[in-house]
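Taking it in order: structure first as structure tokens, then the write-up.
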Amino acid sequence: MGAKIQADEISSIIKERIDNFELNVDVNETGKIISYADGIAQVYGLKNVMAGEIVEFENGEKGLASNLEESSVGVVILGKGEGLREGTSCKRVGKLLETPVGEALVGRVVNALGEPIDGKGAIAATETRFVEEKAPGIMARKSVHEPLQTGIKAIDALVPIGRGQRELIIGDRQTGKTTVAIDTILNQKGENVICIYVAIGQKSSSIASVVRTLEESGAMDYTIVVNASAADSSALQFLAPYTGVTIGEYFRDNGKHALIIYDDLSKHAVAYREMSLILRRPPGREAYPGDVFYLHSRLLERAAKMSDERGAGSMTALPIIETQAGDVAAYIPTNVISITDGQIFLETNLFNSGIRPAINVGLSVSRVGGAAQIKATKQVAGTLKLSLAQYRELEAFAQFASDLDEATRRELELGQRMVEVLKQGVNKPLVIEKQIVIIYAGTKGYLNDIAVKDVVRFEAELHAFFEQKYSNILEAIKASQKIDDNTETQLKAALEEFKTVFNAN
């Protein structure tokens, strides 16, 4: 009897073991490299791989499945590609490309995969996000209505940028495009805006210089730099903007404000063209692939002003495009102009003639316009664009005319002084209330009897005078964001007083 009980126990134990048995077998779909060149591997055997999926090679290198062909897969290598050769095996990871996001990245320099490259140790990010995300839909957005002050008089007065807008900075090389972008970052100090600077295909020395400028100004406290330098592969240069925008979306979706700069998208398009041609995709105009428009539209559409239900956060994009000999009708410039909400044109001729920032006021527009300006700026800068346009027209005409009538001469003199007023030094953004004071002085005729060569000195001394003696006027403009009758009376009296002091000197 005892033996029978023992047999029952044994059989129940065996049954229990069978019921609870788990076969922990790691099943992976694997493949082998059949050819490898220029950072692209053709892999055979990954039958069920998804487009954009991560593929891991036996030496730890990772790649991105880009071309899904009948018999093989074109995999873009996300690294140096050392040790990869024909016959190297690889496996599917079953994940799409992700990047770390969050507050931990602020103040850091990362590569196109979100990995730190500044020598300050690992980043303790608590969250990751997919690099390729859909842009917010119409109902998730709100129209752009809050100003994003750049600190640059010519932009804030004439082509204002709003939070959630996409404003293109376009011009030839060495016209000050990056400087405009960096000054905008510097001006966000204390504005509770997280800035992301994405460098694509730049020299490492240039990036080091930008980071040094940001550190010296204390701007790295609210800035993240994403760098895919000229030494990096075309795949990493292609990915960098998407990594940057994903990092920015974290802040946008959490009710904060972000500013992202892509420097520059011309090199981004070139990197994508290089990648596409190696993948043997059919070339189109200027040898770019057919989806180069979508490359930039899906990136820039992710900048948005979110609705109140979604937290009312925003992400503003300032893409940069480099033109060749001022040709804004080339393929990539026209594409990006049509995607963005306006553009700031920088001209070589203006730059060389000492007008810096070299903004062509006639060609630069903001399609958001007055909605992105405070009332005080609208009050003082309303007529400025028109008078500058008239000045440019008269300037060309006046070169041939010997005797000018009084009205024309006055228009020319006002134009000359306003051009001087809009000049600004490198990395010297100006707070909006000071911009308003000097533009008010210019448009209301307080500069008419000041020599053109003295206008820059007049402005510098005016700001110092207001800081010392009439800071209450600056504070009133900043607080109310408009010039009421009382403020205007005080402003006029202060300007008269300053002119007396200035002329005496």
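Each residue, glycine too, has its Cβ placed from N, Cα and C.
As recorded in Swiss-Prot:
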- G171, D172, R173, Q174, T175, G176, K177, T178: ATP binding site (BINDING)
- S364: site 'Required for activity' (SITE)
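Features per Swiss-Prot, on structure.
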{"residue": "G171", "record": "ATP binding site", "Cβ neighbours (10 Å)": "27"}
{"residue": "D172", "record": "ATP binding site", "Cβ neighbours (10 Å)": "18"}
{"residue": "R173", "record": "ATP binding site", "Cβ neighbours (10 Å)": "11"}
{"residue": "Q174", "record": "ATP binding site", "Cβ neighbours (10 Å)": "12"}
{"residue": "T175", "record": "ATP binding site", "Cβ neighbours (10 Å)": "26"}
{"residue": "G176", "record": "ATP binding site", "Cβ neighbours (10 Å)": "19"}
{"residue": "K177", "record": "ATP binding site", "Cβ neighbours (10 Å)": "25"}
{"residue": "T178", "record": "ATP binding site", "Cβ neighbours (10 Å)": "21"}
{"residue": "S364", "record": "site 'Required for activity'", "Cβ neighbours (10 Å)": "22"}
Distance between T178 (ATP binding site) and S364 (site 'Required for activity') at the Cα atoms, whole Å? 17
Distance check, please: Cα of K177 (ATP binding site) against Cα of S364 (site 'Required for activity'), rounded to an integer number of angstrom. 13
Express the distance between the Cα positions of G176 (ATP binding site) and S364 (site 'Required for activity') as a whole number of Å. 15
G171 (ATP binding site), DSSP three-state class -> strand
Given S364 (site 'Required for activity') and D172 (ATP binding site), what distance in Å do their CA atoms have, once rounded to a whole number? 15
Near-site residues: ATP, ref G171, D172, R173, Q174, T175, G176, K177, T178, CB cutoff 8 A to centroid: E322, L346, T348, F351, A358
Could you check what DSSP calls S364 (site 'Required for activity') once collapsed to helix, strand or coil? coil
Look up G176 (ATP binding site) in the DSSP assignment and reduce it to helix, strand or coil. coil
